[in-house]
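Novice: Pasting in a structure now, in structure tokens, and then I'll have a few things to ask.
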Amino acid sequence: MCRGGVNNVREKAQVSRRQFLNYTLTGVGGFMAAGMLAPMVRFAIDPVLQASGTEDMHAVVEVSEITTEPQRFDWTIKQVDAWYTSDVIHSAWIYKNEKDEIIALSPICKHLGCAVSWASNEEYPNEFYCPCHGGRYYKNGLNVPNTPPNAALDLFQKEVKDGTLYLGAQCQTL
Amino acid sequence: MLQKMYDWIDERVDITPLWRDIADHEVPEHVNPAHHFSAFVYCFGGLTFFVTVIQILSGMFLTMYYVPDIENAWRSVYYLQTQVAHGQIVRGMHHWGASVVIVMLFLHTLRVFFQGAYKKPRELNWMVGVLIFFVMLALGLTGYLLPWDNKAYFATVVTLQIAEGIPVIGEMAKTLLNGDPNIVGAQTLARFFAIHVFFLPAALFVLMAVHFIMIRKQGISGPL
């Protein structure tokens, strides 16, 4: 940027006093506004940035009680919701399949979230049935085609320790 | 980019005159600290407004976590201070700002008083200013109860006793504030919260608008 010559001095004075003050004030004002807003914004978005803890495993039932017929078992979880702690009841439909594996299915219908139950409709004695809109699932949790649900029931994460079944978070399956 | 966006809007709704009315006006020499340093006393009104803006913003953010309920108010405050990032700063801003705003308001009042700037034709604006002062005190008073700790509770018990001391209508005034003839509790907290975040700020905004419009209309009082 070699301009040189007599114009040099005038060229340098491109920023007028008014402009300079404008920039300075905008800068200082912006800095103050940012300093004010930064903690507040961080405060507001905190829930998004909280590390999501992995869900604990909870003792649900003695393995000896589990049959090949799905049974409903409930267990209680201490839920900490910010400043509010409460007991929340979770349920699962649990059975052993032909290979002697334990299956723990979520009772929440994948259509609109009602609670399904095993063989509750006489017409479908070997299926999970949802009373709300007649959603049906096979014993393994797969949804029966042409009924409202379009996905299989969720499975619980499971673990067997000392003859007791522990269940954790629900996850999508199949 | 910004200039283009501004121009696009300006071309359609002509906002430049509006903007000029609000921000572009001459500052007389006698109120400009660059000319006479002692003119810094003219800053107190603006500083009051600045702190008020901080109070409004930090208050808005605090209500994201605060609940006005006797079971949970204290716990929610404790949670936001100890578990939420920068919770201490945001509540600190609101807590200290509440005191600073009263101080600034008082200094502003002193300046106007000792300069005699309240004299004709500005008496009306002085009256509006006094109303703003009362609204601010009421904001401080109602906000004091909201953390629902021991200090808050017993300060409010005293407040209610003062209200009860008013001749003739004392009993009624107390019940009106308290929400219950005897118990300082659930209804009191809900009421104070509603007054603190809806009623008083609404009154404050109206009064501040009137205050500022009158300043613009009448201009700043002349030099001493």
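For all residues, glycine too, the Cβ spot is worked out from N, Cα and C.
Unlike curated entries, TrEMBL annotations are predicted automatically.
What you are looking at is a predicted structure, and each value in this text was computed from that prediction instead of being measured.
Pasting the relevant annotations from TrEMBL:
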- B:5-224: domain 'Cytochrome b/b6 N-terminal region profile' (DOMAIN)
- B:39-67: transmembrane segment (TRANSMEM)
- B:96-114: transmembrane segment (TRANSMEM)
- B:126-146: transmembrane segment (TRANSMEM)
- B:193-215: transmembrane segment (TRANSMEM)
Novice: Using a Cβ cut-off of under 8 Å, list the residues of the same chain at least 6 residues beyond the transmembrane segment (B:96-114) that approach it.
Specialist: 41-42, 44-45, 47-48, 51-52, 54-55, 58, 126, 129, 132-133, 136-137, 139-140, 143
Novice: If I take every residue in the domain 'Cytochrome b/b6 N-terminal region profile' (B:5-224) and average their pLDDT values, what number comes out?
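Specialist: PLDDT averaged over the stretch: 94.
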Novice: For the transmembrane segment (B:39-67), what are the same-chain contacts with Cβ under 8 Å, counting residues 6+ beyond its ends?
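Specialist: Contacts with the transmembrane segment (B:39-67): 30-33, 73, 76-77, 79-80, 84, 87, 90-91, 93-94, 97-98, 100-101, 104-105, 107-108, 111, 115, 146, 197, 201, 204, 208, 220.
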